[in-house]
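My questions will all concern the structure given below.
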Amino acid sequence: MNKAMNHVLFATAGYDHSIRLWYPHNAICYKMLQHNESQVNCMAFHPNRSLLASGGYQQVCIFDTQSSTQNLIVNLDGVVKNTIAIGFKDKGTCMYTAGENKTIKLWDIRSMKCSSEFVHSMPITALALHPNQIDFIYGDDNGDMFRWDTRTAQSEKLEMPEESKSTIRSISINQEGTMMAAVNNDGHCFYWLMSGGHDDQPPNLRRCTVNQVHKRYALKCLFSPDSTLLATSSADGTAKIWRTVDFSLESECKEPKDPKQQISSSKWIWDLAFTCDSEYLFTASSDKIARLWTVKTGEIKKDFIGHQKPIVCLAFSDI
């Protein structure tokens, strides 16, 4: 591996109880981590890039990605049901999780113990952290969305358009905290302009725009690092890339059809990740293949082949 590739980390996981680490430039898997007790629903690299956190059914694990021997550092206690979101805040001193147990938990990385938690009235289906590292936006099965202020431990319900009648599947906030998007089971994408969120002012949402971005379940939405694009993925086998300036379609990444199949069967695209230059997009698919696409044209650049069951999550870091 050349020196430049030392700065790129790419991991995929899903229902085969394994996490694979890849060299993105040649699609070669160089390490496999066992996740024996559960499928993997979500993953995130620590900001120092030496740790990888994963969430599954009644299991949250932290792995040392640089170790040549024992990779699993800890399997956290007190995790119930499926974890659907995981990530790091406050420069990596804190990890957060959320999921079917109706709870958002904050974990102290040094002690590996839960330091704070918030309990919702029903299972949490989507979660995003505001760039201010204070406010969480989360969604549920009713199509409702809320803001949790970790300083005051208070939660408030956000005003939603009438089209929001089904499960919120994914929420994304751009790096500047000026835009937010969410997608639901009906294939709708809700897009807001956002202000505030700094100097003790809570984030303020305005001018919600609703777009039918997919005809089947929408599964993921993600802003590009430069905030000019929003990617959405779906059970219809596509990832679509939209220009945030006018919500026009930049390109469509469409899964290839199997020529052996007489009847076309859609492959679900579960997860997405942009490269830091916003020029390429990774996807995780139920056909057991992760792919790298060119954003501008929607063409496949690389196939990452090796998983034995559907891939439902990925983690990527090239900063």
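Just so it is clear, glycine is given a Cβ too, placed from its N, Cα and C backbone atoms.
Those TrEMBL annotations? Automatic predictions, nothing curated.
On a predicted model such as this, the values are computed, not experimentally measured, just so you know.
Positions annotated as repeat 'WD' by TrEMBL: 76-117, 211-242, 269-303.
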Can you break down the repeat 'WD' (269-303) into helix, strand and coil residue counts using DSSP?
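Once the DSSP states are binned, the repeat 'WD' (269-303) shows 0 helix, 22 strand, 13 coil.
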What is the pLDDT of the repeat 'WD' (76-117) when averaged and given as a whole number?
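Averaged over the repeat 'WD' (76-117), per-residue pLDDT gives 95.
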Using DSSP, break the repeat 'WD' (76-117) down into helix, strand and coil residues and give each count.
3 helix, 25 strand, 14 coil
Could you count the residues of the repeat 'WD' (211-242) that DSSP puts in helix, in strand and in coil?
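Across the repeat 'WD' (211-242), the residues distribute as 0 helix, 19 strand, 13 coil.
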